[in-house]
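Database features, via TrEMBL:
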TRANSMEM  B:6-31  transmembrane segment
DOMAIN    B:21-436  domain 'DUF112'
TRANSMEM  B:43-68  transmembrane segment
TRANSMEM  B:74-93  transmembrane segment
TRANSMEM  B:105-130  transmembrane segment
TRANSMEM  B:136-156  transmembrane segment
TRANSMEM  B:168-188  transmembrane segment
TRANSMEM  B:200-220  transmembrane segment
TRANSMEM  B:256-280  transmembrane segment
TRANSMEM  B:352-375  transmembrane segment
TRANSMEM  B:387-403  transmembrane segment
TRANSMEM  B:468-487  transmembrane segment
Amino acid sequence: MNSSTASTRSVPKEPVGSHRKQEGVLQVPLVWLELLLGIVLLIVVGSYLYEAAKLPDPMNPKAVGAGDFPMMIAIGTLVAVFLMSCHGLVKIFSEKEHELVELSRPLSVIVAILVLVGIGAFLDSLGAIIATAGLSALLMLAVGERRPLQLIAVPLGLALGLYVIFVLALGVYFP
Amino acid sequence: MFENILIGFSAFADPLVPVGLIVGALLGYMIGAVPGLGPSLGVALLIPFTYSLDPLVSIVTLIALYAAAEYGGAISAILVNSPGTAAAVTTSWDGFPLTQQGKAGVALNISIISSGIGIFGSTILLFLTAVPLSEFALSFGPTAYFALALVGLSLVSTLSNGSPLKGGIAMGIGLALATVGLDAQTGIPRFSAHPEFFEGFPLVPVLLGLFALSEVLFMVEAGPSEKKKSQPMSGILAVPFKTFGKLKFHLMRSSVIGYVIGVVPGAGASIASFVSYAVAKKSSKTPEQFGKGSIEGIAASESANNAAVSGALAPLLALGIPGSPTTAIMIGALMIHGIQPGPLLFTTKPEIPYTIFAALWISVPVMIFIGLAGARYWAKVSDVPRPAIAAVVAGICLMGAYASENSMFPVYVTLAFGVIGYILRKVDIPLAPIILALVLGEMLETNFRRALVISNGEFDIFYTSPLTLILLSIAVLSFAMPALRFLREKLNQRRHVQEIYHEEE
């Protein structure tokens, strides 16, 4: 995150390195991603609106009920999502060249997500030290680290360091 | 007011407070120096370590990290032409050319001392404006608070990077997330399939996921970092004092520009440095030097982006409205310690805002010393391999999320928002409005509903008060302006294409 306001970055700025070349780079038109996200958001926000409409009315008929403010948010967001999707559709038909979003090292990203979700989900059964060390080692592999010393020293140091700070110094209980 | 400032300075009698300031400054320099990390991520990552600390120690540590990260962003910008933060981009325009000329030490000296002057001057402005503003805000009713929150959200959504439509969607997502949990007025559970959601989405895990874990996935994409060749450094202590005498008008003007822009929600340090740089170039006697190693350019950029730190704290402390993602994260940190920022803070817990003022002033010599003495080492920080940084960030995220409630629920929230943040960033949906809307959502809804209860359901309550009317007009304008600008640009593009077509015919 390079910015103090927003942190969007459709195309990574670094030059394409050897690791990225090895694993390849997927290029997807931004408008297609916008449309896909638009459809997902329409479904999610639509369900949110449906749930908001089911919330009970207030006792005082002139007051704003529990569901009224969420309904306003949902309608506003749906309008914005609809406009973004329409804008995307217009771009698809009117422009020949589309802005591309680079998805570099997609396999590694999927592996990293699986590692995060896998270890995160079993954090309580694995325990803090094993979970942190395992997560760090696997993530470092996913980022491209192949030096054995680094792969052993950093996860161990990190797990012990976090344990010392959180548990011994700050008194936080960990599984 | 002046007795209270003594209370602020007296907080430093507790040895843990100055220790927190030094630790925050060291961490801030480190985080600022690493390209890709920044103050928002740094503050989010530090919050879990502050859970069990005294509120004053926590706040001083976080404030020191926030300010130092802006200082640190300039180091890698100057030495390896790789700005650590977006706000240091303009610093690299003149800093790196000076490094190429063998004057890296001079550039670092100017940047570090200008940053200190920016913080010092802008904190005086913060002190002089935040206190009266908070006193004025004490008279605000629900309509004014509703309008104020709307102004903050509209400015952040429209000033964020990219399309205003996407800023609006991000704001909608954040507001929707803020409505999850028990309704504050009726106690009805909303969008809460599981009792864990009754208290709403926990702010810190959401922040860790959106800002930090999504960045880990971007690091995975980027792959292992290549080592950058750092230039030799010399002359860091050889800049004569009279150089700053010559720069005094640039420094004063840039500090004011930075502070004023920092106050505007959504504008932030990067806009402050760009505007200040442009103004400095325009008013310089040697504008041709800008971009080739002008010390005026470095001074203008650095003093402004650091002054924006104090600027962003003004609406946070005086009104309870965060002016930037980092201050929105800071609200999360304050709330963990049971502190609600806003006008009442100055009367109920004056030690908090006044200690922040004192910390900002005291941090200036500390950070200048740390910066000048350790510049050589901060430059090395940017060489830490990316896989190790990713591992550290992910480890802190998961452990920090668990520690926030000693349960697995925040860990799941962090993981979910990490993936969501990555996807949203890929589609250029800004994250800042989501966080701000999540923080301001309750204030917006509560005051909206309270106002309508007072008016017996009549909407005229929102336009009978001049203050509310002015604030609502600003909100409407800030929502409408980008759309109008977008339409005008499209029309101009179409006209341009038609002209070319006619010329070809």
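Glycine residues also receive a Cβ, built from the backbone N, Cα and C atoms like all the rest.
Among the recorded stretches B:105-130, B:256-280, B:352-375, the one sharing the largest number of Cβ pairs closer than 8 Å with the transmembrane segment (B:74-93) is B:256-280. Looking just at the domain 'DUF112' (B:21-436), the mean pLDDT is 88. The stretch from B:136-156, B:200-220, B:352-375 that makes the most Cβ contacts under 8 Å with the transmembrane segment (B:105-130) is B:352-375. Looking at which of B:6-31, B:43-68, B:136-156, B:200-220, B:256-280 has the most CB pairs under 8 Å to the transmembrane segment (B:352-375), the answer is the stretch B:6-31. Residues 36-37, 40-41, 44-45, 47-48, 177-178, 180-182, 325, 329, 331-332, 335-336, 386-387, 389-390, 393-394, 396-397, 400-401, 404-405, 409-411, 413-422, 424-425, 431, 434-435, 438-439 of the same chain sit 6 or more residues outside the transmembrane segment (B:200-220) yet have a Cβ under 8 Å from a Cβ within it. For the transmembrane segment (B:136-156), the neighbouring stretch richest in Cβ pairs under 8 Å, chosen from B:168-188, B:256-280, B:387-403, is B:256-280.
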